[in-house]
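Below is one structure, written out as structure tokens; the observations come after it.
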Amino acid sequence: MKRKVMLTGDRPTGALHLGHYVGSVVNRLKFQEEYETYFIIADLHTLTTKPDLKSINTIPSNVREMVLDYLACGINPDKVSIYLQSAIPELFELHLIFSMIVTVARLQRIPSIKDMSIAAGLKEIPYGLLGYPVLMSADILMTKANLVPVGRDNESHIEFARELARRFNHLYKNNFFPIPESVFTDSRPLVGIYGKNKMSKSLDNAIFLNDDENLLEKKIMSMYTDPNRIRADIPGNVEGNPIFIYHSFFNSNHEEVEDLKSRYKKGKVGDVEVKKKLFLALNSFLKPIRDKRSFYEAKKKDYIDEIIFDGTSKARFIANKVVKDVKDLIGLSKTWNGIKYSAEKKLKNEE
């Protein structure tokens with residue numbers, strides 16, 4: 001039986017951190033075993049909020065760093081097609097065709113667009129950002145994805161893609177595009193090391209998967225804990241405490257975690273001990289990832305590029321067929337095909 005197609009991916013922001021691992025990578029390791037999986041490196045989406053040259057110039061190195069971390073975590077390029085969004089020109093065509101059957105009013109009702117604009121510090125919403133859901137729908141429908149992993153706060157984007165697929169199918173009287181389904185990961189964003197905000201490279205509150213032991217220890221020892229606990233003998237709060245959130249995710253010794261929580265709530269253990277044990281647990285978790293990353297870094301220089309090239313070539317082959325079929329279906333191919341046929345026939349007769 002043919003496996004279902006899944007599309008997932010990231011903007012190329014560089015090396016991955018623990019928030020990425022908890023939020024997406026851990027699920028992707030399962031997905032690659034169950035589905036025909038595509039990873040999109042969404043560099044075009046980067047332009048919707050960061051179209052400046054400085055940001056664009058970071059994309060090549062960010063792409064390679066991100067793919068290195070994919071491999072280090074166990075993503076298998078033999079099971080997953082990793083492709084570069086901007087290298088699929090057919091995607092631009094599909095995006096344009098879709099934009100003709102979408103209203104501005106519908107796009108303005110998507111709440112995340114305004115949120116993205118505010119987060120990027122934009123005074124006005126540019127056309128590209130307003131049309132972000134159309135491009136995302138083109139990403140999804142280009143691969144004829146059946147499944148798309150998504151957090152519940154971004155489900156409106158997948159609902160829009162479903163809407164667009166249904167509208168296209170209805171307008172052109174054909175069930176050409178499958179209706180994509182959301183796969184909810186149910187993972188909350190991992191809080192950054194200073195509390196409050198989620199882990200983010202831009203907020204400088206992240207622990208990266210490739211942080212070495214010294215840097216990892218330095219970051220953990222500086223972590224935010226319970227602000228009301230000024231001495232070790234004062235009972236502390238473990239709920240919402242970043243130290244214990246990290247212990248729950250990354251410390252495989254569950255008995256130790258429960259013991260630390262119990263003593264912390266009674267004021268019988270200090271922050272230093274709790275942090276040191278977190279460092280040992282997290283370093284043990286990250287060491288195989290760092291080692292695997294070093295292994296791939298030591299390979300020939302263009303190894304990562306070959307993986308991206310192969311994945312992009314496969315994605316483009318699929319995209320080319322989809323766009324050709326779409327043009328045939330809506331009748332857009334007729335004019336050019338007629339002109340081409342007449343011209344080629346004339347040339348052949350003249351030979």
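From the backbone N, Cα and C atoms, a Cβ is placed for every residue, glycine too.
Swiss-Prot has this to say about the protein:
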- R11, P12, T13, G19, H20, G151, R152, D153, L190, K198, M199, S200, K201, S202: ATP binding site (BINDING)
- 12-20: motif ''HIGH' region' (MOTIF)
- D139: L-tryptophan binding site (BINDING)
- 198-202: motif ''KMSKS' region' (MOTIF)
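This view paints the features noted in Swiss-Prot onto the structure.
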residue : record                    : DSSP class
R11     : ATP binding site          : coil
H20     : ATP binding site          : helix
D139    : L-tryptophan binding site : helix
R152    : ATP binding site          : helix
L190    : ATP binding site          : coil
M199    : ATP binding site          : coil
Could you check the binding-site residues R11, H20, R152, K201 and say which one's CB has the most other CB atoms within 10 Å?
H20
Which residues of the same chain, at least 6 positions away in sequence, have a Cβ lying under 8 Å from the Cβ of L190 (ATP binding site)?
L18, G19, V22, G23, K198, M199, I245, F249
What is the Cβ neighbour count of the residue listed as 'L-tryptophan binding site' at a 10 Å cut-off, with all protein chains included?
25
What Cα-Cα separation, expressed in whole Å, is found between R11 (ATP binding site) and D139 (L-tryptophan binding site)?
13
Cα-Cα, whole number of Å: T13 (ATP binding site) versus D139 (L-tryptophan binding site)?
19
